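*Asks:* Quick one: the structure is below, and I'll ask about it shortly.
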Amino acid sequence: MAEGDNKSANLLAQETSQLEEQLQGWGEVILAGDQVLRWEKPWYPAVLVGATSILFMLIYFLDPSVLTGLSCTVMILCLADYLVPTLAPRVFGSNKWTTEQQQRFHEICGNLVKTQRRVLGWWKRLFALKEEKPKMYFLSVISSLVAVAWIGQQVHNLFLTYLIVSFLLLLPGLNQHGIITKYAGMVKREINKLLKQKEKKNE
């Protein structure tokens, strides 16, 4: 068991190191983005929501076709991939990196690798469910897709995408400041109260 844990830890460290090398040119931008996403300043949430709102308002008013939107997105990504590694050191100054910044960059890369592993794990479990319990797999997938299709029919696609993107951008900050834990605990307590009241009525 210990040998397996050591092997897994070594593999995680190796994958993290590889990702650090791949993202080295983006290091300054990633650290700056991390500060914004974790709300290191109280006005960062307003910046995130404001920037997201402006972007989606532009998309709404320009109303590009799917092909145009896809082409523009890929073009922006290609330009960023070319320009960011070149311009970032001049803007931020790589030689000013502290040990704390290097450690934080290492943690971010490690978290990205862990997230990738979790997603792959969920994907494998889904296919394992398909092999082991095909009926449950079929019912789960179909019911989930029907629910998503119904929500998509009730809410405008662009507005729904805006809500999802805004929530995902605010999620690290909500988690960092314990807001999710706080409200999840409140919901859990209320559910427990309701269950206790129901038990008393049944008695």
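In case you wondered, yes, glycine gets a Cβ from its N, Cα and C as well.
What TrEMBL says about a protein is an automatic prediction, not a curated fact.
Relevant sequence annotations retrieved from TrEMBL are reproduced here:
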- 26-185: domain 'RETREG1-3/ARL6IP-like N-terminal reticulon-homology' (DOMAIN)
- 43-62: transmembrane segment (TRANSMEM)
- 68-88: transmembrane segment (TRANSMEM)
- 136-153: transmembrane segment (TRANSMEM)
- 159-180: transmembrane segment (TRANSMEM)
*Asks:* Give the nonlocal contacts of the transmembrane segment (68-88) in its own chain as ranges (CB under 8 Å, at least six residues past its ends).
*Replies:* 25-29, 59, 94
*Asks:* Please report, as numbers and ranges, the same-chain residues at least 6 past the borders of the transmembrane segment (159-180) whose CB is under 8 Å from any CB of it.
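*Replies:* Result: 37-39, 44-45, 48-49, 52-53, 56, 151-152.
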